[in-house]
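This report refers to the structure that appears directly beneath it.
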Amino acid sequence: MDTEPKKCAKCRTCCFNCCRPCLTSENPLSVDPSCCSRFKFAFMCPPHGRLGALLLCILLFGLWFGVMYFLTGKEMLPGGNLFALCTLFIACWCGGYLFNLINLPSLLGMLIVGGMLGNVPYINVARDIHTLWSIGARQIALAVILIRAGLGLDPKALKKLSFVVIRLAFSPCLMETLTDGLVSHFLLGLPWEFALMLGFVLAAVSPAVVVPSLLNLSDRGYGVDKGIPTLVIAAASVDDVLAITGFGVLIGIAFSSGNLVWTLFKGPLEALIGICYGVIAGIILWFIPQKSSKNLHLLRCTLLMVGGLFVLFGSRAAGYAGAGPLGCLTMPFVAAFKWRQERDPIESAVGVLWMIFQPLLFGLIGAQVKIEEIEIQTVGLGIATLFIGLAIRMVTSFVAVQRTELNLKEKFFIPFAWLPKATVQAAIGGVALDTATHLNDKVRMEYGEQILTLAVLSILITAPIGSFLIAVLGPRLLAKYKPGNQVDKSDIEGVENDESSNTNNALNLNEGDIKAIPVIENNNETTTRM
C-alpha cells in the first residue's frame, strides 16, 4: 500500500521535470530581456499575454462556429449567409486588432478588411450576406451608437457648457454641412435634399478616433493646463447629435412621396414624432423595471435596445424613417435623467454590445461599397467635395475659438483635432441606400450609393490623417503641463482608451468622462461637470 503514494509522487515529479522548461513560473523573464527571450517566453505555459488572448478568441470562435453549424447546417458552410457573417466578423475583428498594434484606428482596419471581403475575388465572402441581414445588422449597430450617445448627454452639463464649446460644436458642423451640400449639388448632381443629407453625414466628427488621440496627449501633459482635450471631447458628442438630428430630418424629406407642402412638413413632423416617442419611452423606463429587480442594469440595457430597435424598424415600416434615429437617441437621454441619480452602470453594458457590433458595422459598410461600380469621376469629385468641406470646417473651427485665452498655436491645433471622421459616417452613411432599397427606388438608390461611397472615403482619408496630425502636432503646438499650474489629470480621467478599440467611445462621453471643462472665454473661468 505504501508503494502507491510513492509511485504517484515520482510520477508528479517526473511530469514536473518534463514540463519545467515550458512553465512561466520556472523561467521568469530577466530585467532587460532580449527580443529572442521575450518571444520564447510568449509561448510558455500557461497561456498568457497576446498569445493567451489569441487562444481565447480561437476557442470562442471555434465553439461558436460549431454550435451554429449544429443548429443551421449548410448556412454555416461556405456560401451560406451565416458563414459569411461570421467570417466577416472574425476577419474584421482581427483587422482592427492588427491596426491597433501599429497605432492606427482599429475601425480603419475593420473597414478595409470589410472592403476586401466584399470586392477581392476568391475571398469576397461578404457577397453571400443577404441584403436584409446586412441592413438588420447595421441597424442594430446604429441603435447601439444612438443609445450610447443619448446616455452620454448629461442635461446638467449641457446647461453649464461654456459658450466656446457650443460654438465649437455647432458652427463647424453647420458650415461643413452647407458647404458639402452646395458643392455636391453642383459637382455630383445630387438633389438638394440628398446633397444636404450628405453634408450632415460628412460633417460629424468621430470621438472613436479623437478621444484616444487626445487622451494620449493629455497623459503626457499636453494641453491640460487650458483644458483643450476636454474642450474638444465635450464638443464632439454635441456635434454628432446635431449631425444625426439634421440627417434624420432630411431623410424624412428626401423620401416623402406627398405634395410639396407635405414634403416640407414631413421632416419636422418625423423629428417631432421621434422626440415624443423618446420622451414617453424614457419616462416609462424610469419606473420599469422596478428598482428592486435583480440585474437591474441588464434589464434596463435590454429594454433600451429593444425600444431603440422598435422605433428604428417600426418608423421605417410606417413610412416615417426620420423618426427612428431621433427616437432612439431621445429615449436613453430622458431615461438617464433618473438613472444618473441611482448611479446605474448602464453604459458599461451598452459598451459590451458595441464591442460586438463595431466589427460588423464597419465590415458591412466596407463590403457594401462595390468598387467595380464606382465611377472614377464620382470618386474624384467626391474627394474634392470632402476637402472643400474640410477646409471650411477648419477655418470655422479656428474662428470658433477666437476671443479665448488660447494662444495662437493652441488655436491652430483645434481645427486639426476636429478632422477625423468614422463612426457616424459608418452608422448613417448607408441609411439612405437602405431606405431606397426597401422602397425599390432605383433613382434614389443611386444617390444613396454615392452618399455611402463618400462616407467610406471620408473615413479612409480623415481617420488615419487626423489621428497622425493630432499625434504629431500636439506636442509641437500645445503647452506641456507644469506642476505649479494646479491642473490635475483627473480633469480628463474616465474616458476609455480601449487598447483593442473594441469599446471605443462611439458617440458619447460617459458620466465622469469630463470632470471639468474650463471655460476659456475672456477672463471668465467657470467649470462644467459632465
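From the backbone N, Cα and C atoms, a Cβ is placed for every residue, glycine too.
Taken straight from TrEMBL:
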DOMAIN    91-471  domain 'Cation/H+ exchanger transmembrane'
TRANSMEM  51-70  transmembrane segment
TRANSMEM  82-100  transmembrane segment
TRANSMEM  107-125  transmembrane segment
TRANSMEM  194-215  transmembrane segment
TRANSMEM  227-255  transmembrane segment
TRANSMEM  267-288  transmembrane segment
TRANSMEM  295-313  transmembrane segment
TRANSMEM  319-337  transmembrane segment
TRANSMEM  349-367  transmembrane segment
TRANSMEM  379-400  transmembrane segment
TRANSMEM  412-431  transmembrane segment
TRANSMEM  451-473  transmembrane segment
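Outside the transmembrane segment (82-100), and at least 6 residues removed from its termini, the chain residues within Cβ reach (under 8 Å) are 57, 61, 64-65, 68, 72, 75-76, 106-110, 112-114, 117, 125-129, 133, 137, 358-360, 362-364, 367, 499-502. Counting Cβ pairs under 8 Å that are 6 or more residues apart, the transmembrane segment (227-255) and the transmembrane segment (319-337) reach 3 or more and are in contact. With a cut-off of 8 Å on Cβ pairs spaced 6 or more residues apart, the transmembrane segment (379-400) and the transmembrane segment (107-125) reach fewer than 3 such pairs and are scored as not touching.
Only residues 6 or more beyond the boundaries of the transmembrane segment (267-288), in the same chain, are considered here, and those with a CB under 8 A from a CB of the stretch are 150, 245, 248-250, 252-253, 256, 300, 303-304, 307, 311, 315, 320-335, 337-339. Same-chain neighbours of the transmembrane segment (107-125): 78, 83-84, 87-88, 91-100, 208-209, 358-359, 362-372, 422-423, 426, 456, 459-460, 463-464, 501, 504, counting only residues six or more beyond its ends whose CB sits under 8 Å from a CB of the stretch.
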